[in-house]
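Taken from TrEMBL as is:
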ACT_SITE  86  active site, proton acceptor
BINDING   25, 26, 27, 28, 29, 30, 87, 166, 167, 168, 169, 189, 194, 195  substrate binding site
BINDING   86  Mg(2+) binding site
């Protein structure tokens, strides 16, 4: 009964707001990638759309923690339903690094090329290139929080290839493929990526809420 009440209240929330929800990011690459995955009946608002110009600090020690921080910041300061994501690259030979510090691996300026250069330098001569990408999405709705995780296994290339994507895409080769994420089109990447897997779990959750109301 409690589960039904929870699902019904969330459904009413979406109907009332016409399924508008804030994605706690101004990263245009992320927004473009996620908007492609979200159904057309859900309108995504960026931080800029709600006049949030703050660079929300990512001070947690886990990927999950950072996604929670960003979602909570928007909900607490702006009152919106919100989802936020954080992602990390975990390299086996580096004991899971850079992990939660992936965006700041080479410094607080968060420069993709510097991060890639550092990673390739640290892995120079290392034959174990196993790695995985992980995304955690935190969704805040009706004073409750839900988490959705997506991962993909792969390996780190010996040199960067491709011009598409962002972050570590030019050096990450997913298992079962010969090309890096950066050599794939956005459509190809969106079918298999860690972020896509997490977003699909988010969408499935919303769809189940709608189904429960019909029952």
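Keep in mind that glycine also has a Cβ here, set from the backbone N, Cα and C atoms.
Structural mapping of features recorded in TrEMBL.
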{"residue": "25", "record": "substrate binding site", "DSSP (3 states)": "coil"}
{"residue": "86", "record": "active site, proton acceptor", "DSSP (3 states)": "strand"}
{"residue": "167", "record": "substrate binding site", "DSSP (3 states)": "coil"}
{"residue": "194", "record": "substrate binding site", "DSSP (3 states)": "helix"}
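Less than 8 angstroms from the CB of residue 194 (substrate binding site) sit 87, 132, 133, 134, 135, 150, 151, 152, each of them six or more residues away in the same chain. For residue 169 (substrate binding site), applying a Cβ distance below 8 Å and a minimum sequence separation of six or more within one chain yields 162, 180, 181, 182, 189.
Each residue contributes its Cα atom, and for residue 27 (substrate binding site) and residue 86 (active site, proton acceptor) those atoms are 12 Å apart. Each residue contributes its Cα atom, and for residue 167 (substrate binding site) and the residue listed as 'active site, proton acceptor' those atoms are 12 Å apart. The Cβ neighbour count for residue 167 (substrate binding site), using a 10 Å radius and every protein chain shown, is 22. Here the binding residues for substrate are 25, 26, 27, 28, 29, 30, 87, 166, 167, 168, 169, 189, 194, 195. Their largest Cα to Cα distance works out to 20 Å. In this structure the C-alpha atoms belonging to residue 86 (active site, proton acceptor) and residue 25 (substrate binding site) are separated by 10 Å. If you take the C-beta of residue 29 (substrate binding site) and look for same-chain residues 6 or more apart in sequence within under 8 angstroms, you find 165, 166. Comparing local CB density within 10 A for the binding-site residues 25, 27, 87, the maximum falls on 87.
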